[in-house]
Amino acid sequence: MSTDLSSIWIYLSTSPLLGLTSTLIAYQAAMWLFEKGGRSPLLNPILVSVVIIVGFLMATGTEYRTYFDGAQFVHFLLGPATVALAVPLYAQMPILRRAWPAILLVILVGAVMAGVSAVAVAWALGGSEKVLLSLASKSVTIPIAMGITERIGGIPSLTAVMVMLTGIFGAVCGGWILDLFRVKDQAARGLALGIASHGIGTVRALQMSETAGAFGGLAIGLTGLITAVLVPLLVGLLR
Amino acid sequence: MLPYITVLLLCQLAGEVMVRLIGLPLPGPVVGMVLLFTGLVVRGRVPAGLDLAVKAILSNFALLFIPASVGVMVHLKLIAEEALPIAAAVLGSTFATIVVAGRLMQALSRRHKPEAK
């Protein structure tokens, strides 16, 4: 019996099926927990899924590479999903038409601020080059951020972690920060959350008001685009 | 829905080709996003099938980030070693960005006085 089980395990652990299935199971478990927990930002589904999967892989002594053989089928969809962001962006066309100069200026300033201040702080505190390069696009939605990091020679999966932390921090504390600095205008609140904390921040903005949510959604794609153009240029200048 | 999933993949493919051909400093899918956005502006509306395909993909957006994020296990040592610069950079920069972007947009909104909501 135990030989049977171990031979089954040996088969499964080398098959892509396990990586794919464990990703889907962990995500659904995390979503269930998120709903049960009143959609608390602290129970962020990505964070919870990662904790479950990393725990499972470590407990079974499975390497990340083996897991990724299966999980790459999900990972691949990040590309088409990034393309798909064009549709929600297009839905913001009326807002874009009305206030595009102000929006563009704020996103430009915010995107530069987000990248430069993160790299500067980490550099001042002795962060290594790998970490600095992986931090530059931390305020951008994950598929775009990972693409940028890949281009400039950082560690994409490390960027994914930074982006997640940034999103969760913005979603948890963003409302409080905006209140503290008396930002009451809904457009400004949404835009700030979207620029600083991408999709996770925008989910929070949507809870504030529809206007805030729309401006947050607008910021995701544009912050990504501006960062994708500026970061490789800045890195090129510094080298 | 299938034709529109094909459209998404074609935009991505065209983006990847353009990035390599012209040497653009952008990820291929981002160029694909710009191409699709331009297409939508030209067309003037979102086809119902495309809307459906996009909603299907984006409704589980969080799922797509998991495989890459699990890669954190490979970097646990690096993150522990540089916990202070990483934490300070993420928290400090996010805080500052929210404040600056929020205040600036509020100041500009007041000047333009757009209709409420």
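Keep in mind that glycine also has a Cβ here, set from the backbone N, Cα and C atoms.
Taken from TrEMBL as is:
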- A:6-30: transmembrane segment (TRANSMEM)
- A:42-61: transmembrane segment (TRANSMEM)
- A:73-91: transmembrane segment (TRANSMEM)
- A:103-125: transmembrane segment (TRANSMEM)
- A:155-178: transmembrane segment (TRANSMEM)
- A:190-207: transmembrane segment (TRANSMEM)
- A:213-238: transmembrane segment (TRANSMEM)
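Residues 95-96, 131-132, 135-139, 191-192, 195-196, 215, 218-219, 222-223, 226-227, 230-231, 234 of the same chain, all 6+ positions outside the transmembrane segment (A:103-125), place their C-beta atoms under 8 angstroms from a C-beta of that stretch. Contact between the transmembrane segment (A:6-30) and the transmembrane segment (A:155-178) is not supported, since fewer than 3 Cβ pairs fall under 8 Å when only residues 6 or more apart in sequence are counted. Just going by CB pairs under 8 A, the stretch in A:42-61, A:73-91, A:155-178 that sits most against the transmembrane segment (A:213-238) is A:73-91.
Using a Cβ-Cβ cut-off under 8 Å and counting only residues 6 or more beyond its ends in the same chain, the transmembrane segment (A:42-61) has close neighbours at 13, 22-23, 26-27, 29-31, 33-34, 67, 164, 167-168, 171-172, 200.
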